[in-house]
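Enquirer: Let me begin by handing over the structure; questions about it come next.
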Amino acid sequence: MVNRLILMVVVVFITDSVMGTAEVMSHVTAHFGKALEECREESGLPVEVMDEFKHFWREDFEVVHRELGCAIICMSNKFELLQDDTRIHHVKMHDYIKSFPNGQVLSEKMVQLIHNCEKQYDDIADDCDRVVKVAACFKKDAKKEGIAPEVAMIEAVIEKY
């Protein structure tokens, strides 16, 4: 009986933790995505790809277009999240994520995942090509870690930004 109770408490804690991080990720995604319209023209991102960006976390959204990498760079620059070499600025990224409700639960993991993906593609010279690969890697790893939000979660908070 005690073992079942302990197991139940652990399951509830893990579920709350995962839901908490996915919920924070929905806020980060919704806010970050607001800069896309400003960056679309500058990056050469086709309108149809831009329209699909709100579905970034869906399984069938392919993170492959070079222009999407350029748009992500532009969007990141709007929030001053990159260093001069277009790699994430760890401190500024932590601060950005922590600025959202309950952001501290996601900050460390998100920066770690992005940094690990950046290391995998560090040899790609073209910034836009590299960033789109990093974004695809981050999406895959975030899903594996259980911190990726459901599209409905993003839609629920998008009006706040």
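Easy rule for this one: first residue shown is 1, then count along the chain.
Note: Cβ is positioned from N, Cα and C throughout, glycine not excepted.
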Enquirer: Consult Swiss-Prot and report which candidate among CYS117, CYS128 shares a disulfide bond with CYS137.
Expert: CYS117
Enquirer: Closest to CYS117 (disulfide bond): which of the disulfide-bonded residues CYS39, CYS70, CYS74, CYS128, going by Cα position?
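Expert: Answer for the nearest of the disulfide-bonded residues: CYS128.
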Enquirer: What are the sequence-distant neighbours of CYS137 (disulfide bond), meaning same chain, six or more residues apart, C-beta distance under 8 angstroms?
Expert: ASN116, CYS117, GLN120, TYR121
